[in-house]
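My structure is below; once you've seen it, I'll send some questions.
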Amino acid sequence: MVKKICVFGSGSFGTAMATLVARNDPLADVVILTRREDVQRGINVAHKNPTHCSEFTLSRNIRATTNSEDALRNASVIVHAIPLQSTEQFLDDVIDHIPRLGEIVFVSTSKGIETETLELPCHLLERVLYRQKEKSRRRTNVKLAYLSGPTFAKQLINETPSGAVMAARTMALSRKACGYFASPSFRCYPSTDVVGVCVGGALKNVVAILAGGLEGMGFGVNAVALLVTRGCREMTRIGIAMGASATTLGGLAGVGDLMLTCLGADSRNKAVGFAVASEDKSVAEVLESRAASLAGVAEGVATAPAAAKLCDELKVDAPIFKACDQILKGKITTKEALHRCMTLPVRPDAPLRRKGFVKRTLFAHVVTAGLAVFVSKRRSKGKKEGKDV
């Protein structure tokens, strides 16, 4: 049988993921599930995505559809490239069409922290796919993996040498998932540190907003290097408190992705920070302008307030992440945030420790699980009452 791979999402990264798996297996039937009819028509007729990465001609074994039943019929691999804040609603609409027979490898590329439940992608997807209340909707045959690293979409498509980490609960599954993406131009490293990969992918976007702010204020690489290094320190501190490995956060899924997002010209999060610091516009105006131009979602905007809340619950000191939250809420300017961080008391750069790790981790899981149940119930109640929750 011809292998069928379904890609959720037709944005830049969904298009890049479809390109990677289609290039690896020219005989595979790669189907992009999109909500846009113009994208469906453009890919199926002209072999180009008219809204994202439109300068590239896509492989002939890539097609698109707006019909989730058609996209998922007989699929054995799913690649999820939907923004995290939209993930639960998206999956709720398509979950009944995921095949019940056979093992389904589900690779998520979503990055961020869910704003209400404070869940990482691994927590949210496991809850939605494995612990649905309705037994008929559970998908125990879905095997989850998470891909993250320093990867701009267009450079993946044009075969710039790149690399990322693929994390799953077992090394066997991680290696299997790597096989769908690895190629001479793309290194895919297997890992079992699911939390570490998700933490790195989420938090680097917050630091990138501040990196854009520094550039928008006219500061040079000294300032950016200071921010990126201390931001990596805070990111690692948060990750360890959640059960991640410092090794993961010091690799491609952590510092590697952080460097790309903070220094790369194509960074959406950096662009938001630059616009807020250099233009006489509010955060809302900047985001509205980006949405109108289809510039793509800057995940760090939603992640920053969630990260600040998470740091409070974990009792982790993270002034850089809290500063970004305050900027995005309009409580302080980028200049004021910089002054606050630069005038903090200087303390010894002590080794990162797991002191109190078990207690903090258990507390974090209990809180996120409780919030997830509460939010899920509230959303279900709202749907029954016909409200938009």
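Even glycines carry a Cβ here, placed using N, Cα and C.
A TrEMBL annotation is a machine prediction, not a hand-curated record.
Found this in TrEMBL, in case it helps:
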{"type": "ACT_SITE", "residues": "LYS204", "note": "active site, proton acceptor"}
{"type": "BINDING", "residues": "GLY9, SER10, GLY11, SER12, PHE13, GLY14, ALA153, ARG268", "note": "NAD(+) binding site"}
{"type": "BINDING", "residues": "LYS111, ARG268, ASN269", "note": "substrate binding site"}
{"type": "DOMAIN", "residues": "4-171", "note": "domain 'Glycerol-3-phosphate dehydrogenase NAD-dependent N-terminal'"}
{"type": "DOMAIN", "residues": "193-338", "note": "domain 'Glycerol-3-phosphate dehydrogenase NAD-dependent C-terminal'"}
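Describe the structural surroundings of these features, if you would.
Residues within less than 8 Å, Cβ to Cβ, of LYS204 (active site, proton acceptor) and separated from it by at least 6 positions along the same chain comprise GLY231, MET235, GLY254, ASP257, LEU258, THR261, CYS262.
Listed in sequence order, the residues of the same chain lying 6 or more apart from ALA153 (NAD(+) binding site) and placing their CB within less than 8 Å of its CB are SER12, PHE13, THR15, ALA16, HIS52, CYS53.
Listed in sequence order, LEU84, PRO121, SER148, CYS198, GLY201, ALA202, ASN205, GLU299, THR303 are the same-chain residues at least 6 apart in sequence whose CB falls under 8 Å from the CB of LYS111 (substrate binding site).
Shown for the domain 'Glycerol-3-phosphate dehydrogenase NAD-dependent C-terminal' (193-338): DSSP residue counts in helix, strand and coil, namely 112 helix, 0 strand, 34 coil.
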Enumerate the residues of the same chain, LYS111, ARG268, ASN269 excluded, that satisfy the criterion Cβ within 8 A of the mean position of the Cβ atoms of the recorded substrate site; list them in sequence order.
ASN205, ALA208, THR261, SER267, VAL297, ALA298, GLU299, GLY300
What whole-number value in Å do you get for the largest C-alpha pair distance within GLY9, SER10, GLY11, SER12, PHE13, GLY14, ALA153, ARG268, the residues recorded as binding NAD(+)?
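Value for the max Cα separation, rounded to a whole number: 17 Å.
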Across all chains shown, how many C-beta atoms besides its own are within 10 angstroms of the C-beta of PHE13 (NAD(+) binding site)?
25
